[in-house]
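Swiss-Prot lists 1-6 with the feature topological domain 'Intravirion', giving sequence analysis as the kind of evidence. The feature transmembrane segment is assigned by Swiss-Prot to 7-27, with sequence analysis given as support. For 11-33, the entry in Swiss-Prot reads region 'Involved in apical transport and lipid raft association', with the evidence type sequence analysis. Summarising the annotation, Swiss-Prot assigns region 'Hypervariable stalk region' to 36-70 and lists sequence analysis as the type of evidence. Under the heading N-linked glycosylation site, Swiss-Prot lists ASN68, ASN126, ASN215. Annotation comment: Swiss-Prot describes 71-449 as region 'Head of neuraminidase'. Summarising the annotation, Swiss-Prot assigns disulfide bond to CYS72-CYS397, CYS104-CYS109, CYS164-CYS211, CYS213-CYS218, CYS259-CYS272, CYS261-CYS270, CYS298-CYS315, CYS401-CYS426. Annotation source Swiss-Prot lists active site, proton donor/acceptor at ASP131, citing sequence analysis. What Swiss-Prot lists as Ca(2+) binding site is ASP274, GLY278, ASP304, and the listing cites sequence analysis. The active site, nucleophile annotation in Swiss-Prot covers TYR382.
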Amino acid sequence: MNPNQKIITIGSICMVIGIVSLMLQIGNMISIWVSHSIQTGNQHQAEPISNTNFLTEKAVASVTLAGNSSLCPISGWAVHSKDNSIRIGSKGDVFVIREPFISCSHLECRTFFLTQGALLNDKHSNGTVKDRSPHRTLMSCPVGEAPSPYNSRFESVAWSASACHDGTSWLTIGISGPDNGAVAVLKYNGIITDTIKSWRNNILRTQESECACVNGSCFTVMTDGPSNGQASYKIFKMEKGKVVKSVELDAPNYHYEECSCYPDAGEITCVCRDNWHGSNRPWVSFNQNLEYQIGYICSGVFGDNPRPNDGTGSCGPVSPNGAYGVKGFSFKYGNGVWIGRTKSTNSRSGFEMIWDPNGWTGTDSSFSVKQDIVAITDWSGYSGSFVQHPELTGLDCIRPCFWVELIRGRPKESTIWTSGSSISFCGVNSDTVGWSWPDGAELPFTIDK
């Protein structure tokens, strides 16, 4: 075979290979196109089913938290959560916080908290003992988790706050601004729906615990005025994040701050802090039309801090050691009352739950149950109530629960910061145990040295 024949033969072979390759590519493209067309057709056919499923899930997820049931009968308190945020924050990214509280929807419980716009063990944690600053925000995370930038959801700019779920969406109330003109911003499902302006221009403030919802309406209590004298107190009724009614309490010689509110048989009961002159706790109860009654817990087992030793109570303010105070709570059961309080009478340390079977109306100091929560040698702080509705628990009653803030740092410890972790308990009618569940962090941190 001469050179020309070789060239022709090689060229012919290459041409045949090229044609075969081209045909294979065309066949492959046709196959891909047909396959894609079939898949697209299947997707188009499935879309109505997908939309139907989505709408069905939303319908199931949206309920009305009735709040018409009574509180569950209980014999003690079972531990529900502990976030250990200060211990974890010595090494991890954890927010500097105060005023944590818990609230539950019909699907989940979340911890809400007021951040300081800073992380533990960081330079911006310096000076965070201050209550009110433009850097404070209300955020939330799943209950029991340490609040960090990775698991937390922004809710509102706030140095005083409340939040609750009506069965459809979260309502948040965040107060921010100057002391002489603060404004409460109401959000429903994350959207601003209303505002409330300070009416006395003297540190408008609210609960620092959950608001209470009944039959689609939610209720909160706010204070405006002196922290050491007669102030003004209002109850607000909200629907889908908008104020629909409010009433100012006619309460001379009463002092209400940082109320802990809960629904019970279709009405709302709030147990509050008297920072003026009471070492027992004031209460206000009201129906859905905001018709209210007021009083003080009569028991000689006093619930505030500081307070005198237990003795003879009063259905008005008990004056000895009555000035100042700490946020707290109680649960009313007929004439009886579960009282949560610090173990110490003069510092925010220790915590215990006491059942006084006659304490709502009786003035003696006898009680029948005491359950230890935090030892007197460990720091506690604010405490407050929350509830779990039957729509969450499957019970036929409203389960009472409470949380305790475990404050660490300034002003009692040698740090540059103030923050806290939290624990929570829920009422049960079965076996429980008393113990101590302290914060447990070893201080100071690296930033403090």
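The count begins at 1 with the first shown residue.
A Cβ is built for glycine as well, from the same backbone N, Cα and C atoms used for every other residue.
DSSP assigns CYS109 (disulfide bond) to a strand in the three-state reduction. Excluding ASP274, GLY278, ASP304, which define the Ca(2+) site, the same chain contributes HIS255, ARG273, ASN275, TRP276, HIS277, SER279, ASN280, ARG281, PRO282, TYR296, PRO317, VAL318, GLY322, GLY325 within 8 Å (Cβ to the Cβ centroid), listed in sequence order. Annotation note: CYS213 (disulfide bond) sits in a strand segment as assigned by DSSP. Taking Cβ-Cβ distances under 8 Å and a sequence separation of 6 or more, the neighbours of CYS401 (disulfide bond) in its chain are HIS80, ILE102, SER385, PHE386, VAL387, GLN388, SER424, PHE425, CYS426, GLY427. Taking the Cα atom of each, CYS259 (disulfide bond) and GLY278 (Ca(2+) binding site) are about 14 angstrom apart.
Each of the recorded positions ASP131, ASP274, ASP304 was assessed for Cβ neighbours inside 10 Å, and the highest tally belongs to ASP304. Secondary structure at CYS397 (disulfide bond), taken from DSSP and collapsed to helix, strand or coil, is coil.
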